[in-house]
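Feature annotation from TrEMBL assigns signal peptide to 1-23. The transmembrane segment annotation in TrEMBL covers 77-98, 110-133, 153-173, 235-257, 419-438, 458-479, 491-514, 526-546, 553-572. TrEMBL lists 297-332, 337-372 with the feature domain 'EF-hand'.
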Amino acid sequence: MATTASGSVLLLLLLAAGAAVDGRVISNRTLSTGLVSDGVHDHRDGSPYLLLRSFSAVSASDSCDQTYGFMPCTTTIVGNVFLIVVYGYLMFLAATYLSSGSELLLEILGPGLVGGLLVPILGALPDAILILVSGLSGSTETAQSQVSVGMGLLAGSTVILLTITWGSCVIVGKCDLQDSVAKDLQDTKGFSLTGSGVSADIWTNYAARIMVISVIPFIIVQLPQVLHSTSARRLAVLIALIVSLILLITYCFFQVFQPWIQERRLAYVKHKHVISGLLKHLGKRALGRLLTDEGEPNEEIIRKLFHSIDENHDGNLSKAELRPLIVGIQFEEIDLDKNEAVDKVMSDFDTSNDQFVDEGEFVIGISRWLMEAKRYGGCGPDSSSIFDDFHIGTKREHKRLGGDQSDEVVEAVENPKWITFKAVMMLLLGTLIAAVFADPLVDAVDNFSDATSIPTFFISFIALPLATSSEAVSAIIFASRKKNRTTSLTFSVLYGAVTMNNVLCLSVFLALVYVRGLTWDFSSEVLVILIVCVVMGVFASFRTAFPLWTSFVALLLYPFSLALVYVLDYVLGWS
């Protein structure tokens with residue numbers, strides 16, 4: 001309610017600012033340096049002795065065009081700063097509504113179509129709308145001038161998420177690192193550059209790799225500049241647009257199906273937990289080693305083990321006979337139900353599907369498990385060390401997959417109809433605000449650039465991402481919970497937001513350039529995006545632990561990006 005009220009106050013201020021207020025100027029038409037005494041002085045051209053003019057007509061160069069014909073505009077520095085702040089806040093309000101509405105839908109409908117497709121698109125919608133209006137305004141010359149606002153926003157959103165936001169998340173979410181895993185809620189090492197930090201699951205690795213792949217259209221559109229070819233620039237824009245749209249569709253499909261992929265991977269790791277736990281337990285009960293000196297399954301010992309489990313000596317093992325065996329195994333670290341573990345063993349061993357495991361099926365099943373553990377734990381007849389390595393590795397893999405996150409039970413939502421209605425209204429309101437105030441914000445940035453002679457790219461690079469990216473603040477707050485689960489989700493959201501910028505927002509930008517026949521002259525900006533995405537993406541693709549020192553690397557990339565664009569454009573003359 002407070003956010004809505006403050007938004008209403010800003011709207012009233014804008015309407016008040018839009019009212020026509022004229023002033024009057026006393027003008028001496030003559031070139032004489034004498035004073036105007038009683039209003040009669042050198043009257044030659046028949047004009048009024050006292051010329052009364054509106055301030056808005058002082059000179060054509062000092063005038064500004066009102067967006068939609070009534071939105072306030074100004075040519076002064078202070079006035080444009082005020083408008084940028086007001087319009088920027090309204091765009092932030094739109095992004096907040098879109099984010100909150102999508103989260104409510106996610107509670108109702110869960111992951112998949114909503115979480116994988118709708119939420120990422122809605123997160124990038126304010127940026128996409130701003131980029132769109134920056135290239136639709138006025139003539140081709142005006143669009144060419146204002147489209148740099150869109151490029152600044154695109155580059156700034158990407159850079160700020162991967163530098164300032166990423167580094168801040170590591171700082172506020174840091175915990176003690178032990179064996180490359182952060183200990184939840186344990187922060188005793190202070191600001192140790194190597195002993196303190198965060199860790200994430202393996203899905204963040206995949207998200208980072210996808211983010212690196214998403215920069216391919218940037219490379220394609222820059223090829224003519226690299227090859228110094230002017231004739232192929234328009235074709236390169238078209239090819240980059242097609243590739244970007246293909247990547248967008250592919251990414252959306254991947255996001256839709258990712259929850260099922262993750263569930264299958266976690267189910268497999270749970271199955272490996274059953275294998276490792278049961279092998280350790282059977283190794284203690286067996287009257288001998290389960291592996292021979294050559295490292296092969298010892299069938300004689302396995303058969304003896306079968307008969308020791310077969311209590312009624314009928315040559316078959318039932319679920320009732322397997323259950324006491326499972327009860328002695330500790331599965332608390334994966335929250336695995338005992339009956340579920342029995343079902344997994346039965347389904348893996350019972351190849352005849354008769355709900356019993358005979359001696360032959362038991363020997364084959366245990367032998368297969370032994371060979372799997374041996375492949376993971378190494379060679380040799382020392383089965384105990386092989387089983388220990390297999391068990392530790394399985395626990396580590398479960399941790400990397402973020403098993404704790406997926407094992408959580410989602411509570412039922414009360415009054416789903418009302419929440420759905422509320423979510424839809426928030427999405428519509430956010431979209432409406434973004435659509436209405438995107439164009440005035442672009443005009444204010446352009447007017448501020450004219451008044452200060454600061455390039456529009458730098459204004460939009462620094463200021464606009466603060467207005468349109470709701471992920472930054474929420475990501476830092478989420479990371480402050482100091483848990484591996486929340487850290488993994490935070491980084492995945494950041495990488496996903498950058499990926500959507502690189503495919504959805506770039507698709508809108510390339511479509512504008514191609515349809516309106518604009519000139520692609522953004523070599524330095526593209527280079528900055530490529531450097532930041534590749535450095536942070538490759539860095540996060542092959543590790544899950546990020547010590548505190550990594551945050552300073554990320555933070556330093558932000559001023560480096562600004563300095564690089566300035567040097568390339570205004571020192572070396574790239575643009």
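Numbering starts at 1 and runs along the chain as displayed.
Cβ coordinates are placed from backbone N, Cα and C, and glycine is handled just like the others.
Caution: TrEMBL annotation is automatic and unverified by curators.
Keep in mind that this is a model prediction, so the values were computed, not measured.
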Please figure out which one of 153-173, 419-438, 458-479, 553-572 racks up the most CB pairs under 8 Å against the transmembrane segment (77-98). 419-438
The correct DSSP tally for the domain 'EF-hand' (337-372) reads 26 helix, 2 strand, 8 coil
With the transmembrane segment (553-572) as the reference, which stretch in 153-173, 419-438, 458-479, 526-546 has the largest tally of C-beta pairs below 8 Å? 153-173
What mean pLDDT score does the domain 'EF-hand' (297-332) have in the model? 78
